2 protein chains.
Amino acid sequence: MSKFAQDPTDDICVATIRALAADVVGKANSGHPGAPMGMAPAAHVLFSRFFNANPKNSKWFNRDRFVLSNGHACALQYILLHLLGYKLSMDDLKQFRQIDSLTPGHPEAGHTDGIEVTTGPLGQGFANGVGLGIAQAHLSATFNKEGFNLIDNYTYVFTGDGCMMEGVASEAASLAGHLQLGNLIYFYDDNHISIDGDTAVAFTENVGQRFLSYGWQVLHVDDGDRDLEGIYNAIVEAQKEKNKPTLIRLRTTIGYGSKLQGTHGVHGSPLKADDIQALKTKFGLPADKTFYVPEDTYKVYAAIAARGAALDKKWDALLASYGQKYPKEHAELTRRIAGKLTDGWEKSLPVYKSSDAAQASRKLSEIVLTAITPILPELMGGSADLTSSNLTRTKAMVDFQPESTGLGTYKGTYIRFGVREHGMGAIANGMHAYGGIIPFVATFMNFVSYAAGAVRLSALSKHQVIWVATHDSIGLGEDGPTHQPIETAAHFRAMPNIDFWRPADGNETSAAYYVALTRKHTPSILSLSRQNLPNLEESTIERAAKGGYVVLEEQGEELTIVSAGSEVSIALEAAVQLRSEGVKVRVVSLPCWSIFDLQPEEYRLSVLRSGAPILAVEALSTFGWQKYSHEQFGMFGWGASGPYKKVYEKFGLTGSNIAAVSKKVVAFYKQKGGEVVSPLVKAL
Amino acid sequence: MSKFAQDPTDDICVATIRALAADVVGKANSGHPGAPMGMAPAAHVLFSRFFNANPKNSKWFNRDRFVLSNGHACALQYILLHLLGYKLSMDDLKQFRQIDSLTPGHPEAGHTDGIEVTTGPLGQGFANGVGLGIAQAHLSATFNKEGFNLIDNYTYVFTGDGCMMEGVASEAASLAGHLQLGNLIYFYDDNHISIDGDTAVAFTENVGQRFLSYGWQVLHVDDGDRDLEGIYNAIVEAQKEKNKPTLIRLRTTIGYGSKLQGTHGVHGSPLKADDIQALKTKFGLPADKTFYVPEDTYKVYAAIAARGAALDKKWDALLASYGQKYPKEHAELTRRIAGKLTDGWEKSLPVYKSSDAAQASRKLSEIVLTAITPILPELMGGSADLTSSNLTRTKAMVDFQPESTGLGTYKGTYIRFGVREHGMGAIANGMHAYGGIIPFVATFMNFVSYAAGAVRLSALSKHQVIWVATHDSIGLGEDGPTHQPIETAAHFRAMPNIDFWRPADGNETSAAYYVALTRKHTPSILSLSRQNLPNLEESTIERAAKGGYVVLEEQGEELTIVSAGSEVSIALEAAVQLRSEGVKVRVVSLPCWSIFDLQPEEYRLSVLRSGAPILAVEALSTFGWQKYSHEQFGMFGWGASGPYKKVYEKFGLTGSNIAAVSKKVVAFYKQKGGEVVSPLVKAL
Ligand SMILES: [Ca+2]
Ligand SMILES: [Ca+2]
């Protein structure tokens with residue numbers, strides 16, 4: 001396999017892909033024909049000569065991974081999936097960008113068979129690829145044995161100028177170089193065109209030199225439009241380099257074959273009908289046929305598929321014989337591939353009594369990780385250079401590092417992400433997409449915002465990524481308003497399919513981990529305090545796992561205070577004072593809104609019941625609390641720098657001030673008169 | 001000034017800064033002593049030999065700008081400001097990180113005299129510096145004349161490993177190289193330490209080579225701890241290079257002088273008392289004195305201040321004589337420095353009748369920009385490679401580019417940011433911080449999230465940055481859920497001090513620009529549609545400028561529908577149908593919540609009045625609408641790829657479905673009985 005042999009069908013295969021791309025985008029009258037047409041030769045060489053996957057079993061664990069980071073070019077990916085025989089018909093191609101089709105405007109993992117990761121938001125796929133590479137390196141180091149190369153796939157990534165400009169890709173590239181991920185082979189579609197026209201207007205850096213500085217191998221193919229042999233040789237070269245990721249810079253012509261080739265005109269608009277006809281003629285295809293695939297092309301791709309199916313079968317046999325020789329490892333690997341947690345793991349979750357010492361929830365999180373990571377080795381992750389603040393590295397953990405650094409091994413599960421929050425989030429998505437791993441990542445709550453683009457894709461693509469987000473309010477104190485989240489919780493509480501937890505104590509922290517680990521298709525953010533929190537009388541893992549529950553009950557109440565996280569104990573302080581003054585008050589803890597929303601209506605209405613006003617209290621923006629309360633008290637602007645107790649005082653977030661605010665609320669609703677109905681009672 | 005002359009006071013000045021840094025952090029018992037101690041020599045050489053500023057007039061327009069991108073090292077900056085005679089006393093230094101002090105945990109622009117930009121969130125200051133450089137290059141090209149180098153300052157930036165790892169800095173660095181900003185001089189504090197310990201754990205790239213690839217000049221000072229002459233020569237060299245930004249890599253020892261120097265132990269924790277005493281002795285300072293400044297040090301810094309004051313005075317004279325020779329340019333420059341808009345500019349804002357053709361609000365935005373940019377040349381900005389989609393480049397605009405590219409000039413006001421949203425947002429903050437410029441930036445609404453870290457600092461630091469955020473809902477159609485914002489509006493509506501606008505038509509778009517341009521201390525996001533929107537009967541600039549108003553009035557209503565942006569016209573369609581069925585309905589448009597909240601209570605209660613239920617409708621997450629409505633209908637999950645009308649249909653966001661939903665709401669509240677009180681009627 002080390003010398004390129006031109007096949008008589010190569011040209012027609014490449015032509016087919018190019019013409020199909022023009023047809024697919026043309027029929028939709030929407031989309032991006034240029035990049036698919038330009039990248040067709042690289043795609044054909046890669047898939048025909050190198051790529052190992054079984055289209056009839058798209059989840060085969062040791063398959064090569066393909067990522068189209070320039071996801072707008074997805075016509076290319078859909079065409080390849082169709083030709084290879086994945087569950088994507090010619091009719092599906094004709095439904096490109098139509099409602100409820102399998103061929104949406106950008107590739108969506110979980111939606112279309114064979115799509116590994118969701119791409120389109122630029123730079124994400126690039127970083128996902130690094131996550132796929134980390135997962136492969138870790139799992140092969142952990143499970144492969146002499147004679148049993150069970151896990152040895154490559155990750156191939158196509159990327160364009162847009163991805164190359166994004167900071168998230170820069171972050172991931174730098175880390176991939178540091179980690180010496182030889183299993184990564186990236187194709188940079190260097191076509192000199194982006195949406196604003198020639199890349200000369202904004203992007204004149206030396207990309208190759210930059211990647212060399214990151215520690216990558218950089219190869220060049222000067223005629224990516226026609227030099228199949230050059231592409232082939234570059235991939236061979238890339239595979240040979242075991243200790244560096246490889247970037248293959250392909251100089252290509254966007255929209256190759258079109259009258260407008262090489263211009264911005266073919267980037268994001270369909271080609272004209274006569275242009276499509278002319279290019280088909282130029283490529284030796286019938287000009288009058290649309291969505292036409294020559295028999296030879298189907299044959300070539302069927303053979304690729306057959307090769308993949310045979311590899312899959314061979315791998316099954318290898319796995320079976322591995323099971324005979326290494327039954328324990330086999331059981332563990334298959335458990336992890338199946339995404340099943342170790343039986344009884346939840347018994348290790350720490351449980352607290354109210355007499356236990358107050359601790360910061362970041363510390364409580366560390367105690368959970370210390371308890372469960374030995375039982376759930378699939379928990380692999382780290383921090384964006386805040387390990388000693390996030391408390392994410394347990395004593396038993398080993399760093400995930402190349403052996404040559406002397407700092408760890410690929411068997412290690414703790415990743416030093418560096419100050420690269422966005423890259424970290426996107427890498428975690430890739431790690432999860434690989435399988436066998438539940439990634440956790442950590443930074444200050446405020447800097448999860450840096451990674452918002454990646455968090456959104458965790459949620460959209462159902463990646464079970466766990467964010468350990470410490471220093472989650474003005475309670476972080478001296479670092480001041482630049483570091484104190486205000487709007488951050490509202491942002492993630494408003495996002496679909498993500499659980500945002502703000503635990504109030506030890507049992508609630510255990511509950512947050514319990515739910516985060518059992519929700520296989522939902523990412524979670526654990527928003528944790530820097531300051532110590534007392535353990536509540538009424539908290540249990542079971543109760544907190546409902547997302548909301550009563551922490552102080554009272555019949556005939558005049559007020560319910562609802563709160564979350566570090567302010568629950570302040571609400572309880574207020575309640576003690578109010579009771580001493582004869583005011584009847586209940587307190588509810590609502591650590592996770594999305595989980596509370598999943599509870600039966602009857603339960604929810606018993607927690608946030610009608611009959612008395614509900615006051616929400618949190619040391620964050622009050623935005624969104626109107627859904628669960630009649631009145632809100634919280635942060636109405638930015639925080640302040642100072643010792644945390646003084647900061648809480650400054651903003652009135654103390655037991656005595658909340659008691660005063662509460663009395664105002666009680667008086668207001670008494671004066672207003674009429675029934676006070678729970679905000680949960682609604683028409684819609 | 002081209003040869004270094006060692007001064008006998010240099011060593012004591014550097015020692016003073018180092019010892020003060022230890023004292024400041026020690027007294028606060030919180031903060032970062034290591035970087036200030038390591039960077040003291042560079043700071044002393046820079047300020048004593050090169051830096052032009054007038055501490056008694058910290059806003060002198062042609063001052064050199066200093067940015068501490070590693071803002072956690074702010075003890076250094078506060079000490080320099082104190083020594084130079086800015087409004088920062090020794091008592092202020094003793095109040096480091098205390099509540100309501102002038103010396104918060106990270107430097108805040110607008111809070112402390114002499115701080116140019118807020119830093120601390122890593123990478124931001126780095127990118128702010130590029131914005132300061134762009135502003136200088138543009139204003140000098142625009143206003144300088146032969147013999148009148150009115151604007152010729154440098155921007156000096158200190159940056160550490162953390163900033164260097166952040167993608168936002170990578171994006172800005174690449175653009176700065178492309179733009180050939182010779183006015184930028186960056187000092188990279190290469191001390192091999194970050195929070196996780198030795199940078200060898202995560203950051204082993206070749207930083208110098210990377211910056212060469214961006215087109216920077218890269219210089220090295222191997223002994224940044226002691227080699228004052230080396231530092232001096234590097235700055236001279238940097239100033240000589242007119243067509244490249246310069247990175248000076250200073251190899252330093254973090255916490256130089258401490259027993260723990262060179263280790264992570266001095267990064268983020270105070271030094272021990274005995275360690276501080278020992279280092280004072282080592283540096284020739286009295287060990288028993290804290291917060292001690294030798295007379296010589298004060299003298300040296302007073303001389304620097306006097307030099308700056310003289311330069312300021314000289315500049316005033318130059319400006320006055322410029323005014324005599326170039327009265328028109330002088331008037332324009334002083335107007336822009338004062339931040340005053342051109343008289344009568346608002347008369348150019350487009351006004352629409354309901355009979356005018358429906359247009360996309362992104363197009364309406366282009367019409368506004370076309371009308372006002374000739375009158376307000378301080379509007380300078382561009383798009384993150386989506387110019388043809390965001391419609392931000394008017395026909396008259398010229399690109400801001402180095403002449404050598406042949407693509408524009410530094411006089412140009414249109415910036416090709418490349419696909420670098422986060423860098424773009426942070427650069428805009430720097431441009432605004434410079435003065436004389438109102439920056440606008442553009443991308444798809446969904447990708448403003450990539451820049452969340454910078455947007456937050458616009459709001460915190462009161463930078464009037466205008467985001468043109470197009471494609472703002474499922475109405476973008478075929479690009480699908482990866483590009484369709486759901487949670488994005490909630491995120492920015494929850495953020496303090498930012499106006500999030502979602503205009504419904506032409507007059508509302510003009511109103512959004514009107515308010516955004518007149519709110520000098522608040523950034524704005526203009527969330528704009530891809531699809532056409534009809535002009536409303538009742539909209540005017542004046543009414544929309546209140547943030548909310550009635551677009552369809554009715555007495556004795558059974559329902560008020562409140563909406564924003566592209567869904568207002570759908571709400572009106574529903575109203576027409578409801579009226580035809582005899583249901584009495586009003587409709588309210590709420591294009592900007594934060595502006596509506598500023599209106600008198602009486603007005604707000606007249607718009608969202610008691611008496612009937614209020615139903616909110618928006619093609620976004622309903623999160624947050626509970627503040628203004630009893631019931632909410634919107635997106636309860638992700639969007640979909642398809643032609644936009646089909647997508648709206650799929651999610652029930654059509655006139656007929658909203659009419660059906662409305663009837664359900666009306667029936668529910670009739671059955672429920674009792675008074676329906678406006679959600680704005682509250683105790684708090
Ligand atoms: Ca390109
Ligand atoms: Ca450092």
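Cβ coordinates come from backbone N, Cα and C, glycine included.
Worth saying up front: this structure is predicted, and the values here are computed from it rather than measured.
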Additional site residue, A:His44, A:His72, A:His330, A:His521 [criterion: listed by TrEMBL with A:Gly120, A:Pro121, A:Leu122, A:Gly162, A:Asn191, A:His267, A:Phe447 for thiamine diphosphate]:
A:His72
Among A:Ser2, A:Ser58, A:Ser389, which is the one TrEMBL gives for the substrate site where A:His32, A:His267, A:Arg362, A:His471, A:Asp479, A:His483, A:Arg530 also bind?
A:Ser389
Need a hand: TrEMBL gives A:Asn191, A:Ile193 for Mg(2+), which of A:Asp161, A:Asp222 is also on that list?
A:Asp161
Which one is it: of the binding-site residues A:Asp479, A:His483, A:Arg530, whose Cα lies the shortest distance from the Cα of A:Gly120 (thiamine diphosphate binding site)?
A:His483
Binding-site residues satisfying Cβ distance under 8 Å to any chain B Cβ, from A:His32, A:Leu122, A:Ile193, A:Arg362, A:His471, A:Arg530:
A:Leu122
Return the members of A:Leu122, A:Asp161, A:Asn191, A:Ile193 (the binding-site residues) with CB less than 6 angstroms from at least one atom of ligand 1, or none.
A:Asp161, A:Asn191, A:Ile193
Most crowded position, judged by CB atoms within 10 A, among A:Asp161, A:Glu421, A:Asp479 as recorded positions:
A:Glu421
Using a 10 Å radius around its CB, how many other CB atoms surround A:Pro121 (thiamine diphosphate binding site)?
27
What is the biggest Cα to Cα gap, in Å, among A:His72, A:Gly120, A:Pro121, A:Leu122, A:Gly162, A:Asn191, A:His267, A:Phe447, the residues listed as binding thiamine diphosphate?
34
Measuring Cα to Cα, how many Å separate A:Arg530 (substrate binding site) from A:Gly162 (thiamine diphosphate binding site)?
38
Packing count at A:His72 (thiamine diphosphate binding site) (other Cβ atoms within 10 Å of its Cβ):
25
Cα-Cα separation of A:His483 (substrate binding site) and A:His72 (thiamine diphosphate binding site), in Å?
35
Cα-Cα distance, maximum over A:His32, A:His267, A:Arg362, A:Ser389, A:His471, A:Asp479, A:His483, A:Arg530, record's substrate binders, Å:
48
For A:Pro121 (thiamine diphosphate binding site) and A:Asp161 (Mg(2+) binding site), determine the Cα separation and express it in whole Å.
13
Look up A:His32 (substrate binding site) in the DSSP assignment and reduce it to helix, strand or coil.
coil
